[in-house]
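Engineer: Handing you this structure, nothing more for now.
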Amino acid sequence: MKSLSVIFKPKSSPAKIYFPADRQASPDESHFISLIHACKDTASLRHVHAQILRRGVLSSRVAAQLVSCSSLLKSPDYSLSIFRNSEERNPFVLNALIRGLTENARFESSVRHFILMLRLGVKPDRLTFPFVLKSNSKLGFRWLGRALHAATLKNFVDCDSFVRLSLVDMYAKTGQLKHAFQVFEESPDRIKKESILIWNVLINGYCRAKDMHMATTLFRSMPERNSGSWSTLIKGYVDSGELNRAKQLFELMPEKNVVSWTTLINGFSQTGDYETAISTYFEMLEKGLKPNEYTIAAVLSACSKSGALGSGIRIHGYILDNGIKLDRAIGTALVDMYAKCGELDCAATVFSNMNHKDILSWTAMIQGWAVHGRFHQAIQCFRQMMYSGEKPDEVVFLAVLTACLNSSEVDLGLNFFDSMRLDYAIEPTLKHYVLVVDLLGRAGKLNEAHELVENMPINPDLTTWAALYRACKAHKGYRRAESVSQNLLELDPELCGSYIFLDKTHASKGNIQDVEKRRLSLQKRIKERSLGWSYIELDGQLNKFSAGDYSHKLTQEIGLKLDEIISLAIQKGYNPGADWSIHDIEEEEKENVTGIHSEKLALTLGFLRTAPGTTIRIIKNLRICGDCHSLMKYVSKISQRDILLRDARQFHHFKDGRCSCGDYW
């Protein structure tokens, strides 16, 4: 496995590229079309366009080629400019324009120019409809879809196989499966072996609608299947949460390709089976298949979520060894993986090596700095993004507000929050409000936090009230906490956390009898409580623990070692469960309850399997509890080890008995 030092060694300077000077062009139409095809950027195309205008050879063919080329160069505005300044209004030019607008995601403009085509009296043909139908499938206008279908009949192109395929796809994607099936049924080609594509499109439509029975029925009825047929149905099962069925179908697949492997890897990652997602990726490599950018992004996502740094480094090494381009998708996935595995410097290095960054890339880096409490770097990165011309969206503001929250930068956080609406016309979501409530609460501004919750334009949810409750508890605002707890109960009286909040509130005031009443109510009404899990990667293998998990092969050794760790911590002042559990449980019961949290089990395995001085890295799906947080601090001081724990909210870097969060999380 490559080390980080090998992966991040300095690169040699790239070779300079020299472009030959422009050559004189003849006024021949075919010659200019050849020049248009040779253009690699918009500047070159503009140069050729200027010569065409000077020499007066802007025919319909040349105009259509100019529009097509500018679309391929991702310059739809230039395509529109060419069209507006050209007198050509024929099917060649309009088809090229509609196609280019569709391929550049200008769907509304594509439909508008189709309508303009009809108004100009230009007859649409079989090359027009597939792209305007695709645009409408993205827009989702059912009435327009039916009107376009009628137009295909009127213009006698409804029997064209490509038009029919586009109709089925459009109806399926706009949720009109009855119409999609009707067009499919009327297709005489569906019984031919070469009609696989229309079958795949319809099966995909039923998969998107979660109608796996109909999708499977169609799959079994196909005259012939290709890898796309298998991959479509596998993805349908994955998206429907039927991962076992997806795996069974994958095993039956005669020729597995990178698409089917990627679908399966992505499915395991999305359903939280990160170990299997990662192992499936390496199994694919052993079979001799080369991953594409989607495969790599999917497996890196699994590494990010589980903290599998070792596997992530191996994947990064594979990318370098095989000369895979560090595009936006792979680069962003690597940045996210390194940041979420606690290797911020590596994330920053990958980020700086990316030649092209989009909003997702910037957000991943800003969020990485933010969750590690690196406020100044997060804000600097945000400003660099603004200087680059990238416009912020609501997600990047979540990252910026997280940075302000984790560093208690109240005034700046409020400025960013106000700037969303005033400067960028972005309406804050519930998540933004929760962060601001947390920000005000952490600073002890309980009145302002409560007022914000009461006056929010969005109805506050449990998370919002819980953020306010934590602030009340931290700043001893018990009377306000009582009121907040009532709001929690009104929202969801059966939620276990609501009762626990009340218990803690009353226990802090010493009202033990009322606590007992609340606890009895809890026992009667609670149905289910989410269990926490933690991951720790050791020797390239992920180890997962759930709360109270005794399934690990080293369970006995872990239990003995955990007792030893807790005993040493108690000698140094650790008080198991104090101020964190319900007040009137016996001390030994408290230790039994709090001693089985998943992060404690992961920590203990880390001590058993790593050398002294090694940093222990743990990933937890829930917010770390106060008791475990306290133990981690004591253990980091006793063992002289760094403990890096990522919970549902942020990173906790325990070192010498202290935590980077400042004991507020």
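Note that Cβ sites are derived from N, Cα and C of the backbone, with glycine treated the same way.
A quick note: this is a predicted structure, and the numbers were derived from the prediction, not measured.
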Engineer: Scan 106-136, 168-198, 540-570 against Swiss-Prot and say which stretch is down as region 'Type E(+) motif'.
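Structural biologist: Here Swiss-Prot associates region 'Type E(+) motif' with the stretch 540-570.
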Engineer: Is the repeat 'PPR 3' (160-190) packed against any residues at least 6 beyond its ends, judged by a Cβ distance under 8 Å, and which are they?
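Structural biologist: Residues 126, 129-130, 133-134, 136-138, 140-142, 145-146, 148-149, 152, 197-199, 201-202, 204-206, 208-209, 211 contact the repeat 'PPR 3' (160-190) from elsewhere in the chain.
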Engineer: Same chain only, please: residues at least 6 beyond the ends of the repeat 'PPR 4' (195-229) with a C-beta under 8 Å from a C-beta of the stretch. Say none if there are none.
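Structural biologist: Long-range Cβ neighbours of the repeat 'PPR 4' (195-229): 161, 164-165, 168-169, 171-173, 175, 177, 180-181, 184, 187, 189, 235-237, 239-240, 242, 245, 253, 255-257, 259-260.
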Engineer: Between 0 and 100, where does the mean pLDDT of the repeat 'PPR 8' (327-357) sit?
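Structural biologist: Averaged over the repeat 'PPR 8' (327-357), per-residue pLDDT gives 95.
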Engineer: Residues sitting near the region 'Type E(+) motif' (540-570): Cβ under 8 Å, six or more positions beyond its termini, same chain?
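Structural biologist: For the region 'Type E(+) motif' (540-570), the sequence-distant neighbours (Cβ-Cβ under 8 Å, at least 6 residues beyond its ends) are 1, 274-275, 278, 306, 308, 310-311, 314, 531-534, 576, 591, 595-605, 607-608, 631, 634-635, 638.
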